[in-house]
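**Student:** Handing you a structure now.
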Amino acid sequence: MNAMTDDWLDIGALTDIPARGGRVVKTPRGCLAVFRAADDTVFALDDRCPHKGGPLSDGIVHGHNVTCPLHSLVISLETGAAANPEEGRVRTHQVRVAEGRVLLDPAALRS
Amino acid sequence: MTEKLVVIGAGMASGRALEHLFETDPGAYEVTLFNGEPRGNYNRLMLSPVLSGEKSYEEIVTHDDAWYAENRVTTRFGEAVTKIDRERKVVVSKGGETPYDKLLIATGSYPFILPLPGKDLDGVIAFRDIDDVGRMLGAAELPEAKAVVIGGGLLGLEAAAGLRLRGMEVTVLHVMGHLMERQLDPSAGYLLAKDLERRGIRVHCKAQTKAILGQNRVEGVLLEDGTVYEADIVVMAVGIRPETRLARDAGIEIERGITVDDAMRTSDPDILAIGECVEHRGMLYGLVAPLYDQAKVVARTLLADEAVFLPVELSTKLKVTGCDLFSAGDFSEGPDREEIVFRDAARGVYKRLVLKDNTIIGAVMYGDTADGSWFLSKIKAKEDIAAERDTLIFGPAYAGGAALDPMAAVAALPDEAEICGCNGVCKGKIVQAITGSGLSTLEEVRSATKASSSCGQCTGLVEQVLASTLGDGFQLPTAKPVCKCTDFTHEDVRRLIKAGELKSMPAVWQELGWKTSCGCHVCRPALNFYLLADWPDDYVDDAQSRFINERAHANIQKDGTFSVMPRMWGGVTTAAELRAIADAADKFDVPMVKVTGGQRIDLLGVKKEDLPEMWADLNAAGMVSGHAYTKGLRTVKTCVGTDFCRFGTQDSTGLGIRLEKRLWGSWTPHKVKMAVSGCPRNCAEATCKDVGIVCTDAGFNIGVGGAAGLDLKQTEVIHTARTEEEAMDVTVAFVQLYRENAKYLDRPYRWIEKVGLDWVKSLVVDDLQSRMALVARFDHSQSIYQKDPWAERVEGEKRREFEPLADLRLKAAE
Ligand code: SRM
Ligand SMILES: Cc1cc2nc3c(=O)[nH]c(=O)nc-3n(C[C@H](O)[C@H](O)[C@H](O)COP(=O)(O)OP(=O)(O)OC[C@H]3O[C@@H](n4cnc5c(N)ncnc54)[C@H](O)[C@@H]3O)c2cc1C
Ligand code: SF4
Ligand code: FES
């Protein structure tokens, strides 16, 4: 079981994110994209595609992947890596869901 | 000296615990058993068969008076414990105080009731104990009784099936997109809904309940969207909560449930707890299998014997006769996971295994669950399946037969399924022609049945019918499938959606044997379009299957900002509109204002979160979205025509505006651009548009299939209309034919290359009945889809697409 509890940041309800969709969270070090897959797993990544910085939060979510809206790079939500690893990787952050709330690891705010 | 054991709750868990205790050491404790219900232990799982009439209450009693007497259990049924006094080691109930040496809490759960207006009305019933069943059966006796079940999980569906068998009219309301979403993926959920509907139960998913209606008694249920279902009873089956109140008041440690260690001890070593009321290592359990294990452990702990409770892999079955489903383990997706999917559309069978590191970690199956326990044992044992992987999905009985027939979906179609839409030829007729007359080629089938002899869209399917009828005797040509999720081409999928009346994505995935569980970014946008074009009344548009431009109704730019382009009907504007555009440009610091090649103005570089406010301003000035980002109608360019031009022959500006107003907001396979020129000088460049009208004194020359983008193509004239109305009808009919038949992302000129201009002409121009039917279908679709997306997004739930979920910029980074 997870030991960390109180210091995780409550960023909203799970139902605030459409299933197979993403939302933006603003932080001091730029935007994060928080996704909810069809199976209700939640992921957080930097909202910048490794290719040319496309906003991943605007992409199409399929399985545990998102397709970048600008030039269709497919990024794994679990690892942040592009389908072809040579095309780069996005930083991922810890998130979890408890009692219907989405909790973000505060480490995501630090560079 | 025998110690005193007091047990609170005579449920599934405590019944088992007492059996183990007495079996091992019958004399160890003097037991007093309290139960809130006025009866002893019975099999709660079997409430569903009692409800449906398949069993009686007597048949589900697990421990009778004789058993309690034999084991010298003092029973205090119908007497709830109201307090635990840990200092004095007594429990309090209405009969007074009862002392204990050891206390076992097994209070189970209580049903969660949604805090809706009307929840306290007579007739709102939970599904937890035999008294609830009695209340439901009372209502079922009323003539034409109606029940609404809120909650499409295990309990809700068992209640619904039982009530239906008792003759009630039953509706299930479920808030999620598919039934039993915790146990099933969308495909299995689709099959389940289909089975339930077949037995007369109405299933309404994505149902947001707003209120329960009624004066003194329940009369109906109101949803957020305004739908009302009449009801004599409302069964609330939306979940359960651990019954922890006694423990909390006594100061025993609780989280979501009463926390217990591996030996089932609470924070007070003399108090133990088991069942649904406990939380073990962060987990709550709502199925009996783990609770029975807890019962075993607690009996050992009570006898000072060492034992530990280990969490187990759970599996679920639904106890509704005829709905065979099974789910176990973890079936979420991931890059480190692979899946094996098997679908047999004809039998309604779906099986999916989720693999990780060569072991099975999850299994979902519907329709044929015979192998469920075999897979469950492999999940539990973490068995390496690398060697048997190829045949794994076929279960233990498989002994190396032929590979699966890829034509299963076509083979499964019933004889009356229409294969050729143009000539109305069904599958049975083709099969009969093939076997009856010994046909073996596509050409022969064409001349014998007319199938695939018109637009040719169904050619692939006819070939597959040939292949499935002749077996090896027919070599199937290879065509390009939609994507890696399927072997079918776009044309095949479109025909099969119509022939099989498939009205949802899970229906398509299941009936056409999709190889992934829920599609990808290539097939989902195409399916979303096909379904909404074919079933405007039934299909609900899926925003998450749309590219960002269509989801957000603005065009994404290279830096993640968006462009905003209001409609300027026929390229005509006013000073007031220009002023509103200028104001919006100032207010939102728009970096560039540009006149487009489509006779309107583009505001480029707008921040996503500013979009709703900017749209609201433009809406207020009477402007709507220009759809410069959609697969839909873009612009209708016009020239000044008879209004001002000395050569103008007809009102080209007016016709352009009327066309744009009729056609805006419709979804099409690719974008559609039009133009109307007032004379053959063609100042509106109508001869390179998808539909271009050039006016002459004799009427309106309607050209189609032009292009001036990647390819350059001149339109071909299909008709000269005498009146403006006729010109509008032919244009609308053409667009509708294109909507109903073209492959997603084929512009009209590409589609015409495939189906032939003659075929298009025959349906849009020559056959007046067909033309008017196309027009009617288009207008019907517009009655649903012609809404300004800006206004929709400025208001309500859709607005959240544009707002950040949270703003943590001011949160000090610790
Ligand atoms: C804004 C505009 C250029 C301009 O500043 O004038 C434009 C801008 C874009 N065009 Fe265009 N096209 C514009 C008129 C045209 C025209 C001329 C016309 O409509 O008369 C053509 C050729 C005619 C035609 O469509 O056949 C044209 C042929 C294309 C094509 C090629 C289409 C094809 O099937 O060959 C694309 C790519 C596509 O759609 O896949 C494209 C795609 C694009 C996109 C949407 C690229 C994209 O996906 O991001 C550009 C969006 C920029 C933006 O963010 O707004 N644009 N584009 C014009 C908007 C017209 C309008 O008011 O709606
Ligand atoms: C209709 C239905 C169908 C189900 N089907 C399945 C299935 O197919 N498979 C499966 O694994 N599980 C199924 N379940 C779940 C299963 O029944 C429960 O997991 C199980 O009954 C929990 O056992 P328990 O002993 O913890 O609680 P319970 O069986 O609920 O027993 C708790 C008892 O404690 C009593 N109590 C509570 N508070 C007090 C108090 N203060 N004083 C005295 N007594 C008190 C209650 O009255 C109750 O009788 C089903 C449940 C229902 C309702
Ligand atoms: S021609 Fe169209 S698609 Fe190409 S850069 Fe210009 S606007 Fe973009
Ligand atoms: S910026 Fe994401 S694919 Fe180009």
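Glycine is treated like the rest: Cβ placed from N, Cα and C.
What TrEMBL says about a protein is an automatic prediction, not a curated fact.
Annotations per TrEMBL:
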BINDING   B:Cys639, B:Cys645, B:Cys679, B:Cys683  [4Fe-4S] cluster binding site
BINDING   B:Cys683  siroheme binding site
DOMAIN    B:4-283  domain 'FAD/NAD(P)-binding'
DOMAIN    B:315-382  domain 'NADH-rubredoxin oxidoreductase C-terminal'
DOMAIN    B:556-621  domain 'Nitrite/Sulfite reductase ferredoxin-like'
DOMAIN    B:631-769  domain 'Nitrite/sulphite reductase 4Fe-4S'
**Student:** Considering the binding-site residues B:Cys639, B:Cys645, B:Cys679, B:Cys683, which residue's Cβ sits among the greatest number of other Cβ atoms within 10 Å?
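**Tutor:** It comes out as B:Cys639.
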**Student:** Enumerate the residues of the same chain, B:Cys639, B:Cys645, B:Cys679, B:Cys683 excluded, that satisfy the criterion Cβ within 8 A of the mean position of the Cβ atoms of the recorded [4Fe-4S] cluster site; list them in sequence order.
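**Tutor:** Everything else in range on the chain: B:Val640, B:Gly641, B:Phe647, B:Gly648, B:Ser652, B:Ser677, B:Gly678, B:Arg681, B:Asn682, B:Ala684.
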**Student:** Using DSSP, how many residues in the domain 'Nitrite/Sulfite reductase ferredoxin-like' (B:556-621) fall into helix, strand and coil?
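**Tutor:** When I sort the residues of the domain 'Nitrite/Sulfite reductase ferredoxin-like' (B:556-621) into the three classes, I find 29 helix, 15 strand, 22 coil.
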**Student:** For a three-state summary based on DSSP, what are the helix, strand and coil counts in the domain 'Nitrite/sulphite reductase 4Fe-4S' (B:631-769)?
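**Tutor:** Its residues divide into 56 helix, 36 strand, 47 coil.
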**Student:** When the domain 'NADH-rubredoxin oxidoreductase C-terminal' (B:315-382) is classified with DSSP, how many of its residues are helical, how many are strand and how many are coil?
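**Tutor:** Counting residues per DSSP class in the domain 'NADH-rubredoxin oxidoreductase C-terminal' (B:315-382), I get 10 helix, 32 strand, 26 coil.
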